[in-house]
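Asks: Pasting in a structure now, in structure tokens, and then I'll have a few things to ask.
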Amino acid sequence: MLPCLVVLLAALLSLRLGSDAHGTELPSPPSVWFEAEFFHHILHWTPIPNQSESTCYEVALLRYGIESWNSISNCSQTLSYDLTAVTLDLYHSNGYRARVRAVDGSRHSNWTVTNTRFSVDEVTLTVGSVNLEIHNGFILGKIQLPRPKMAPANDTYESIFSHFREYEIAIRKVPGNFTFTHKKVKHENFSLLTSGEVGEFCVQVKPSVASRSNKGMWSKEECISLTRQYFTVTNVIIFFAFVLLLSGALAYCLALQLYVRRRKKLPSVLLFKKPSPFIFISQRPSPETQDTIHPLDEEAFLKVSPELKNLDLHGSTDSGFGSTKPSLQTEEPQFLLPDPHPQADRTLGNREPPVLGDSCSSGSSNSTDSGICLQEPSLSPSTGPTWEQQVGSNSRGQDDSGIDLVQNSEGRAGDTQGGSALGHHSPPEPEVPGEEDPAAVAFQGYLRQTRCAEEKATKTGCLEEESPLTDGLGPKFGRCLVDEAGLHPPALAKGYLKQDPLEMTLASSGAPTGQWNQPTEEWSLLALSSCSDLGISDWSFAHDLAPLGCVAAPGGLLGSFNSDLVTLPLISSLQSSE
């Protein structure tokens, strides 16, 4: 029985040994190694030769310090395996070892173990990315360190490799020469000088740690294009400075142009106020005082005595106060009127010869008197007022109207007539040339009232009136008018009387002296006005004429003077209508 048990054990042993011999028939993997980056640990092995489609590989991991192997995965047909999850503590441990075998059904191969220990020094150093930019002709780069997702929060590249980090930078120009420029920096920020070259530049970075033997891997190539920078900071500053200067110059020119063309203030003498349409409509023009021109009644004027018509009154503009101012009309031609009735003048001369009277002023050559002098009554008896012409030493320079009102104190008839407009004296009975045209003459002017102290005792009041002849050659005539009432005219106050022709007629030139008290309607040459019309109290002309009854006697000579002394002009002229 003992021999049966020995045979059974030998058979079992032979079966077991046969099974072991059959499992060793597959070849083992040629090599096993780790390829690790920062927190990316991969185990690689080499496949067995002549493997079938059913061949797979088993992996076991051994950590230093622990004696047993730890099977990591089931059989897989891949040639690599990611051990990152089971080796997270790699950077804080002594390292790991791994082994791999091939399995094909019931057969398997021997284990192939890594040749080296997998530690931190086996980790290949890399960078996450490289960022490039251009600034003032420099390429500025920034290295981004790797940030793996599976890494613990406290395990970063900076914390693990805290010292002696270095980066090697390679620059390549595309296109053109492909020479690389290598540069090492110790910081993640770097700058590269391009030397003014333009084109595309590509940069690569490889990290390293000076205190370790870790390998570094070149990063992915980053490229940037360089062109000529026209809008640099310097160029922009220069451009804006130029624009600012140009704007300032334009503003100055514009301001100067506006200053030159601005509306300037005119002098006050050149300012004209625009009339407002409302003011122009509302305001009415004020009436202006104008010279009154009266028409001449030629038929009535022919009835006036030739002595009164031919008197020289045109050149007189005297004020009557003895001023030496020359007349403004002395150079004007004299208007002389012929005497249409020479016989009447002789008859008048026989009855009452006119008296040649002296001027009221001492020197008639320089006199600018109006020529009308109203003498005070003399103590000697008088036959009546006479018309008397002023005769001076030099009648050519006289600016007198030629009318003088004096009183003949001696009562004698003058045997001499006034001189002509040319200044010569004529006999009492002149022969007026027949060829003279009997033109009708109208004049208006002022008559002066004065007292002649030199002739108070020698003359009675004579009113002498001169009328310029048309040709300037006729003699001057004087006529004395005797007041039929026999009253001596009182002394007259100094002043002016306006002579204004009205529609009144005078008696014919041949009438006797007593017939001068004609109705006022017959006077056309001399206008009669009442004494009450004289409105100026200083002259007191109406008061002095009250005894004469100038209002009661319309034919009186003194009533023929108009009293409009304010509004009418001083200088009068003779108007002749032919």
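A Cβ is built for glycine as well, from the same backbone N, Cα and C atoms used for every other residue.
Note that the coordinates shown come from a computational prediction; the quantities given were computed from them, not determined experimentally.
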Asks: Identify the disulfide partner of Cys223 as annotated in Swiss-Prot; candidates are Cys202, Cys253.
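Replies: According to Swiss-Prot, the disulfide partner of Cys223 among Cys202, Cys253 is Cys202.
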Asks: From the list Cys4, Cys56, which cysteine is recorded by Swiss-Prot as disulfide-linked to Cys75?
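Replies: Swiss-Prot lists the disulfide between Cys75 and Cys56.
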Asks: Just give me the nearest neighbour of Asn110 (N-linked glycosylation site) among the recorded positions Asn50, Cys56, Asn189, Cys223, Cα to Cα.
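Replies: Result for Asn110 (N-linked glycosylation site): the nearest of the recorded positions is Cys56.
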Asks: Which entry in the list of disulfide-bonded residues, Cys56, Cys75, Cys202, Cys223, has its Cβ near the fewest other Cβ atoms, using 10 Å as the limit?
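Replies: Taking Cys56, Cys75, Cys202, Cys223 as the disulfide-bonded residues, the minimal 10 Å Cβ count falls on Cys223.
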Asks: Can you tell me the CA-to-CA distance separating Asn154 (N-linked glycosylation site) and Cys75 (disulfide bond), as a whole number of Å?
Replies: 34
Asks: Report the nearest neighbour of Cys75 (disulfide bond) in space among the recorded positions Asn50, Asn189, Cys202, Cys223, comparing Cα positions.
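Replies: Nearest in space to Cys75 (disulfide bond), counting only the recorded positions, is Asn50.
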Asks: Roughly how many angstrom lie between the C-alpha atoms of Asn74 (N-linked glycosylation site) and Cys202 (disulfide bond)?
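Replies: Approximately 45 Å lies between the Cα of Asn74 (N-linked glycosylation site) and that of Cys202 (disulfide bond).
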Asks: I'd like to know which of the recorded positions Asn189, Cys202, Cys223 sit within 10 A of Asn50 (N-linked glycosylation site) at the Cα level.
Replies: none
